[in-house]
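Now, the feature entries from TrEMBL:
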| type | residues | note |
| --- | --- | --- |
| ACT_SITE | C83 | active site, nucleophile |
| ACT_SITE | H191 | active site |
| BINDING | R120 | substrate binding site |
| DOMAIN | 2-198 | domain 'CobB/CobQ-like glutamine amidotransferase' |
Amino acid sequence: MMNLYGDRGNVISIKKRCEWRGIEVEVVDVGLGEPIRPTGCDVFLFGGGQDREQTLLVDDLSGAKGRELKAIAEDGGVILGVCGGYQLMGHYYETPEGEKLPGVGIFDMHTRPRRPDEPRLIGNVLARVRPLEGEADATPREIVGFENHGGRTELGGGTEPLADVISGYGNNGRDGTEGARRLNSYGTYLHGSLLPKNPWLTDQLILNALRRTDDSFELEPLDDAAEKAAFASVAGRVRAGKG
Ligand code: GLN
């Protein structure tokens, strides 16, 4: 249900980048009314959705399921939420009609609707991901994607953004932040889908999951020529101001 702009491409990207390395993957769809915890999964993906889909799923999220997802996040589980899914990882998403849809509370943040004089935030985004813990001296890594959201996300004081916007709008078009990150939970506004054009991020999610059972785990490098060409194509257009 939460698969706006083909966010299911994130599932395919993780699956293929594992299988290309001989790591078997089972994909489990968790639909309305279906529990999360018993699946015993290692990576959880929560795609984007219009206000309609978000409204449809909040009842499902407001009970045990939301508590399970938050417990997985608190335990260091690997979660990637995109746009509408990301918004529901905060305290609430307020619709343009003024309805506050309760979120799971993984991130200390909330999302307000755009005011009538404010546009939807639409376009390609290039953002620089803040270094992960212990990687302060690492080369800053960038991500590209596409955003289309009316909501403006405000991060709580202690909430770390995922990235800083180089070009585009990000969380709210005002503070230069994009997404949020806490433990191994990542949230972002970037559709695309996000992961196929950002192979290093795909591998980071896979590593974060596999290192929970073996902290020495390493991934064999892959030939990322096609992925890097896709990234460079969008990043080049964005840097040239061609949106
Ligand atoms: N309905 C939300 C908004 O417009 C999220 C949309 C989306 O997932 N692209 O802000």
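From the backbone N, Cα and C atoms, a Cβ is placed for every residue, glycine too.
Given the structure is predicted, the values throughout are model-derived calculations rather than measurements.
Rounded to the nearest whole angstrom, the C-alpha distance between the residue listed as 'active site, nucleophile' and the residue listed as 'active site' is 8. Residue pair R120 (substrate binding site) / H191 (active site) shows a Cα separation of 15 Å. Less than 8 angstroms from the CB of the residue listed as 'active site' sit L4, Y5, G6, D7, G48, V82, C83, G145, F146, E147, N148, each of them six or more residues away in the same chain.
The DSSP secondary structure for H191 (active site) is strand. Compared over the recorded positions C83, R120, the count of CB atoms lying within 10 A of a residue's CB peaks at C83.
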